[in-house]
Amino acid sequence: MLILLGYLVVLGTVFGGYLMTGGSLGALYQPAELVIIAGAGIGSFIVGNNGKAIKGTLKALPLLFRRSKYTKAMYMDLLALLYRLMAKSRQMGMFSLERDIENPRESEIFASYPRILADSVMLDFIVDYLRLIISGHMNTFEIEALMDEEIETHESEAEVPANSLALVGDSLPAFGIVAAVMGVVHALGSADRPAAELGALIAHAMVGTFLGILLAYGFISPLATVLRQKSAETSKMMQCVKVTLLSNLNGYAPPIAVEFGRKTLYSSERPSFIELEEHVRAVKNPQQQTTTEEA
């Protein structure tokens, strides 16, 4: 959980440094300031988003604390699946894939790759475009344009939760100032008190500015970046499918088509040419494929 680790680092360094200067943590405990900042931030989030955006943001929050499912093994499964589908269509004709795409969960080919079956976005993307290709009513350029449009739509939808969190993060420092000003107003209204008490009230008011900035840049705004990164991973998978299928439509053999798809992947997850070649060879031999997946 890198997010939780990052939060611990933020809290440890900020409050640890404060203690090193001789400060008291008790002075930073100001529930009223926190209520003002958090409440105003939540309120601005509700005001600035429609119901669809709010629901999408809440739905995206659990994804922040899950490990990425788009690993090297996932990409290898994707390329192997596409290879098997393309090889079958080349050997037996495109119409031989009808049963596979009509009910992929009962397909022998798809069943070999449970990680792909578990990803409804990728499964629908693959099946839908194979169905369009089989129909024969669209040429390569039309299919490519439609794929680009769907990928762009996915990215736009994924950007909504990220933007919502980013805007909340941007607003928190301002709400911290609001809380601080209200605290200063309270302190000035108590100007007849002794200097020691007045100083404590002003110090408490300044905690609002501190909390607003800390919550914004240490906790909320980084979450928007994580959501964008997760969206980019899904888009990369879709681009890999797009390039692979279009290469096959343009006449390239399945081994070359999956090589096109491999080249679109990020270097951190991209299998080497030899790894992909060995994986494709294993695909050609069902027994060897089963052994490889069990391992």
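Using the three backbone atoms N, Cα and C, a Cβ is placed for every residue, glycine included.
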Shared topological domain relative to the membrane, F141 and N250, Swiss-Prot: yes
Considering the transmembrane segment (201-222), which listed stretch of 2-21, 34-51, 171-191 counts the most C-beta pairs under 8 Å: 171-191
Residue counts (helix, strand, coil, in that order) that DSSP gives for the topological domain 'Cytoplasmic' (223-295): 58 helix, 0 strand, 15 coil
Helix, strand and coil totals (DSSP H, G, I; E, B; other) for the topological domain 'Periplasmic' (22-33): 7 helix, 0 strand, 5 coil
